[in-house]
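Listed in Swiss-Prot:
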type	residues	note
TOPO_DOM	23-291	topological domain 'Extracellular'
TRANSMEM	292-312	transmembrane segment
BINDING	LEU353, GLY354, SER355, GLY356, GLY357, PHE358, GLY359, ARG360, VAL361, LYS376	ATP binding site
ACT_SITE	ASP472	active site, proton acceptor
Amino acid sequence: MFVKLKLIFFFFLLCQIMISSSQNLNFTYNGFHPPLTDISLQGLATVTPNGLLKLTNTSVQKTGHAFCTERIRFKDSQNGNVSSFSTTFVFAIHSQIPTLSGHGIAFVVAPTLGLPFALPSQYIGLFNISNNGNDTNHIFAVEFDTIQSSEFGDPNDNHVGIDLNGLRSANYSTAGYRDDHDKFQNLSLISRKRIQVWIDYDNRSHRIDVTVAPFDSDKPRKPLVSYVRDLSSILLEDMYVGFSSATGSVLSEHFLVGWSFRLNGEAPMLSLSKLPKLPRFEPRRISEFYKIGMPLISLSLIFSIIFLAFYIVRRKKKYEEELDDWETEFGKNRFRFKELYHATKGFKEKDLLGSGGFGRVYRGILPTTKLEVAVKRVSHDSKQGMKEFVAEIVSIGRMSHRNLVPLLGYCRRRGELLLVYDYMPNGSLDKYLYNNPETTLDWKQRSTIIKGVASGLFYLHEEWEQVVIHRDVKASNVLLDADFNGRLGDFGLARLYDHGSDPQTTHVVGTLGYLAPEHSRTGRATTTTDVYAFGAFLLEVVSGRRPIEFHSASDDTFLLVEWVFSLWLRGNIMEAKDPKLGSSGYDLEEVEMVLKLGLLCSHSDPRARPSMRQVLQYLRGDMALPELTPLDLSAGSVMNLGGRDGFSGIAMTDFSTVFKGFTGGSSIADSLLSGGR
């Protein structure tokens, strides 16, 4: 029993000795003379024959590490407290350029023997892009940084900082020391001279002190940098101590001359007289390359910068845009010109869909969404381009109707006006009506298109928040989607006015053959002038003929409204239908009704024309069209159709008296038609 007790006591005493030895670990290197079995060298780190630990050489963008191979028990496993520690060392930095170096040196306490994934340059071999600043690093370091890195908040290119898990220092100061008169003296880290450092951590006050001084000076009374922080959350139980360094683009060498360390006590003083001397540094002689080559390179660089600036300015002008106050509310629908330029492949002629008096239209594919669009680029010679463009933006930007061509957005640059529409794959209606088209529309398709356009025009007149006068209803402005549904487009001539107010338009704008007589006289556009144009459109779709045709051979002018009206007077109105429709397979009564409705909408008296609400009722069969009956036409009454010889003063029998039940009065339309707006 006594023997067992003696063995237990001996084992306990041995453990205490080992713990005490670990808790008071210390070592001193007055130079690093090979072989160094207890120091691990990594990266560029080597030992010179005279005992200098050379962390880096003149290689660029490299790291060098030197760590003591013995693990040090920094933290008490029972209470979690970090032990006090102290270290002192002497280092020097040699640079090929006296005023510039890269990138510095750091004393490190790390959880691993080396830092294999650390980066060079501004990361000083401590961290990389992904782990910089992570709490899981468990790295304490004091950096002696010779390059200012703004991303880490460095104050300058000659500073000392305390780093905890990252390169954004917890505290820092310009490198220097306070002399015996308490006056701060700057100290250049790249002076090519030996510099001595003291780093102390007190586990009771949790104070970290970093003191710096020239090689041959005593330790200053005041530290350069201090910081209070309990390192128990930073350091693990077992850690390694050592140094890290890194190079950047400037050729630099980092030397460690001597080093001592102690746990739970003050680090032993270095024997300065025994420390190895630095290699003699001689400045390089300026070669012929620097005398001749550098000026040539500089000159080439200047020309390159000028060319680059010219290219940037030219490119900026190429995609330059304009933005005015009125565009603010439509900002979300604004396209960049660069995007439209690439979408249309530079507005190539092969992507040109059409060209008119108001502008040219190009097919394009938006790079981001791959959406097919039609980009209308307004011609430079458009006299009222800006006004028309603004009207279009305001009227279409917020509209949403299945029979209107959606306006996706717009762009403006240096006087150019661009509108971006949803692309309609089947193009405009007119190409299916004239010039022997390859594809002929049957009556069902034409009827669907007519009803769709009527619905869209009714939306503009009565269903939207403001009255919108289209002013250019015609077959070429009706676009067909993939299912041959008619969509009313080209709002470049649209005008808005509030419900109940007079339209303030004074310019005669539109297309010959679709202009109402009163529009030619007064220059004012109203919903009734749109109805007149829609009447011409109805006759156009049913007959397959243009509202006006000039025959140069006979010097005659064909007026579609006049022709259909004359056929109706003779009782042969069905002769006006398009021969391509054939004679069967569709509702002939519906065709006749549409022709008569076209005449009614083309009435010379705007009060006699139906509203678009009534037009829809007729087309949908919700209300019967009033019967048209010829009366005595010998009274000589005439109507101005706005069709021939400048569309003023065309004599034509006035059929305002041929409708059954016509009595005249303040509202002719109300006496003729039921319903209303």
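Using N, Cα and C of the backbone, Cβ positions are placed for all residues, glycine too.
Positions of Swiss-Prot features highlighted on the structure.
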{"residue": "LEU353", "record": "ATP binding site", "DSSP class": "strand"}
{"residue": "GLY359", "record": "ATP binding site", "DSSP class": "strand"}
{"residue": "ASP472", "record": "active site, proton acceptor", "DSSP class": "coil"}
Lowest 10 Å Cβ neighbour count of the binding-site residues LEU353, VAL361 is held by LEU353
VAL361 (ATP binding site) sits from ASP472 (active site, proton acceptor) (Cα to Cα, rounded, in Å) at a distance of 17
Mean per-residue pLDDT in the topological domain 'Extracellular' (23-291) works out to 92
Take the Cβ of GLY359 (ATP binding site) and count every other Cβ within 10 Å, whichever protein chain it belongs to.
24
So SER355 (ATP binding site), by the Cβ count within 10 Å over all chains shown, scores 12
